[in-house]
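Chemist: After the structure tokens below, expect a handful of questions from me.
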């Protein structure tokens with residue numbers, strides 16, 4: 001499947017397979033004989049052809065919509081058009097509209113050349129394309145509850161790698177949002193566990209002071225036994241994996257309210273996702289280190305729709321020296337493939 005996807009998006013001027021030593025499928029692709037984007041030329045009707053003002057859209061498009069015929073935008077250009085698109089969205093002056101049949105055929109034939117890759121939350125109130133006034137072909141979007149790489153991280157990280165290595169996007173944006181249900185759930189879970197732990201420690205201390213310590217551990221002190229987690233769900237597992245984010249937010253706020261911790265945890269979670277991408281993707285790490293790709297964070301205000309751009313992770317320089325190559329959940333699979 002991957003060679004076909006690569007053929008669809010490969011430019012005639014793309015680097016050779018040797019430029020992607022970490023992407024062995026590139027060499028395979030070049031020997032398939034599949035048609036390249038350059039050989040599948042579609043000439044749209046004149047009514048669909050446009051030369052957009054970069055300040056009013058997602059960069060100039062030779063066929064009226066961004067395809068591999070267009071040059072990839074730099075990271076600085078990408079962040080500018082994202083900011084401009086969000087301003088239009090907030091002001092109600094959106095320009096993105098439907099695509100005519102010739103534009104759709106151009107996208108299908110020439111392949112995609114998105115301006116940026118965005119990891120967003122699955123929350124229905126934060127549709128990424130609308131937030132940035134984007135059209136089909138403008139953004140490569142990945143979404144899940146909590147805009148996180150904690151679970152199903154292989155598919156998330158692998159998809160981001162595809163976007164930067166094959167589609168040549170130069171900007172990766174991790175987008176959180178205010179009032180995130182996943183973060184609030186993780187915050188409540190963290191606080192409940194902290195309270196329960198305090199109660200248990202207090203009761204245990206009182207019991208030890210009033211009675212002789214038993215030589216046998218009570219049933220409540222035994223480790224969880226197989227089958228005791230039958231009522232747990234995948235959702236609980238997702239929230240459980242986000243608890244460390246809430247814990248860090250709680251520590252940084254030094255005992256804020258549930259709402260305050262959850263609000264701060266939204267930003268903490270954005271940094272955690274960025275740091276995970278840098279820590280466990282050699283492809284992303286090398287491209288960021290070379291300056292070819294930028295990885296930035298942002299938070300959308302659900303009420304106003306305005307996006308606050310946070311810039312790069314404070315830990316980026318440190319993580320560029322990390323040696324993680326594959327996300328933990330796919331370590332075994334990666335060894336089998338290699």
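Just so you know, the numbers here start at 1 and follow the chain as drawn.
Cβ from N, Cα, C; glycine included.
Features from TrEMBL:
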- 121, 123, 177, 180: Zn(2+) binding site (BINDING)
Chemist: Please list, in sequence order, the residues in the chain of residue 177 (Zn(2+) binding site) that are at least six apart in sequence and whose C-beta is under 8 Å away from its C-beta.
Modeler: 120, 121, 123, 125, 126, 266, 299, 300, 301, 302
Chemist: Please list residues from the chain of residue 180 (Zn(2+) binding site) whose Cβ is under 8 angstroms from its Cβ, counting only those at least six apart in sequence.
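Modeler: The answer is 121, 123, 146, 262, 266, 269.
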Chemist: With the Zn(2+) site defined by 121, 123, 177, 180, which remaining residues of that chain have Cβ atoms positioned within 8 Å of the Cβ centroid?
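Modeler: For the Zn(2+) site, the extra neighbours are 120, 122, 125, 126, 145, 146, 147, 176, 178, 179, 181, 182, 183, 266, 300, 302.
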Chemist: Identify which of the binding-site residues 121, 123 has its Cβ surrounded by the largest number of other Cβ atoms within 10 Å, counting every protein chain shown.
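Modeler: By the 10 Å Cβ neighbour count, 121 comes out on top.
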